[in-house]
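Enquirer: Questions regarding the structure given below will be posed in turn.
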Amino acid sequence: MSQRTFSIIKPDAVRKGHTGAILAEIEKAGFKIVAIKKVSISKAQAEGFYYVHKERPFFGSLTDFMSSGPIFPMVLEKDNAIADLRKLMGATNPANAEEGTIRKKFAGSIEENAIHGSDAEETAAFEIGYFFAGCELV
Ligand code: ATP
Ligand code: MG
């Protein structure tokens, strides 16, 4: 069944000029881009987005990184979108990412790992609402 997920092209990938190549991988894999925009977020906005990780040792560094430059948040749609995007992204640490995955191709480190993807239906709903209004999702 058709499902929506939320993704972000992270600041490292935007800085390196990989935005177009990553979008091509996403479209090649059968995802429809429902909505996309270029934004820069504040440290506080990054903290709100990643609040589930607030107790983790890397929270300060992660939120500095996510607010360090422009990003492309987007809403993607296809059958089984949440699991299929996670598979296309590859492991969090690019050293462990499978050949052919976006993180294998474009990520520099476990933190600067090029792309975010929602990990469950409830997180996808929260994350879509964090960046997009209902009227942007037609
Ligand atoms: P994302 O949520 O961004 O899609 P993920 O689900 O693969 O990635 P999480 O465990 O949710 O990984 O971690 C969120 C993000 O925090 C990672 O994508 C990465 O940018 C950063 N991160 C995770 N683990 C570490 C770590 N050990 N050191 C530094 N940064 C980390
Ligand atoms: Mg995650």
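Each Cβ is built from the backbone N, Cα and C atoms, and glycine gets one as well.
Dumping what TrEMBL says about this protein:
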ACT_SITE  His116  active site, pros-phosphohistidine intermediate
BINDING   Lys10, Phe58, Arg86, Thr92, Arg103, Asn113  ATP binding site
DOMAIN    2-138  domain 'Nucleoside diphosphate kinase-like'
Enquirer: Give the number of CB atoms, excluding that of Thr92 (ATP binding site) itself, located within 10 Å of its CB.
Expert: 13
Enquirer: Please report the distance from the Cα of Phe58 (ATP binding site) to the Cα of the residue listed as 'active site, pros-phosphohistidine intermediate', rounded to the nearest angstrom.
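Expert: Answer for this pair: 16 Å between alpha carbons.
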Enquirer: According to DSSP, does the residue listed as 'active site, pros-phosphohistidine intermediate' sit in a helix, a strand, or coil?
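Expert: The residue listed as 'active site, pros-phosphohistidine intermediate' sits in a strand per DSSP.
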Enquirer: Among the recorded positions Lys10, Arg86, Arg103, His116, which residue has its Cβ surrounded by the fewest other Cβ atoms within 10 Å?
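Expert: Ranked by other Cβ atoms within 10 Å, the recorded positions Lys10, Arg86, Arg103, His116 bottom out at Arg86.
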Enquirer: Within the domain 'Nucleoside diphosphate kinase-like' (2-138), how many residues are helix, strand or coil going by DSSP?
Expert: 64 helix, 26 strand, 47 coil
Enquirer: Going along the chain, which residues six or more apart from Asn113 (ATP binding site) have their CB under 8 A from its CB?
Expert: Lys10, Asp12, Thr92, Asn93, Pro94, Arg103, Ala107
Enquirer: Counting across all protein chains present, how many other Cβ atoms fall within 10 Å of the Cβ of Phe58 (ATP binding site)?
Expert: 12
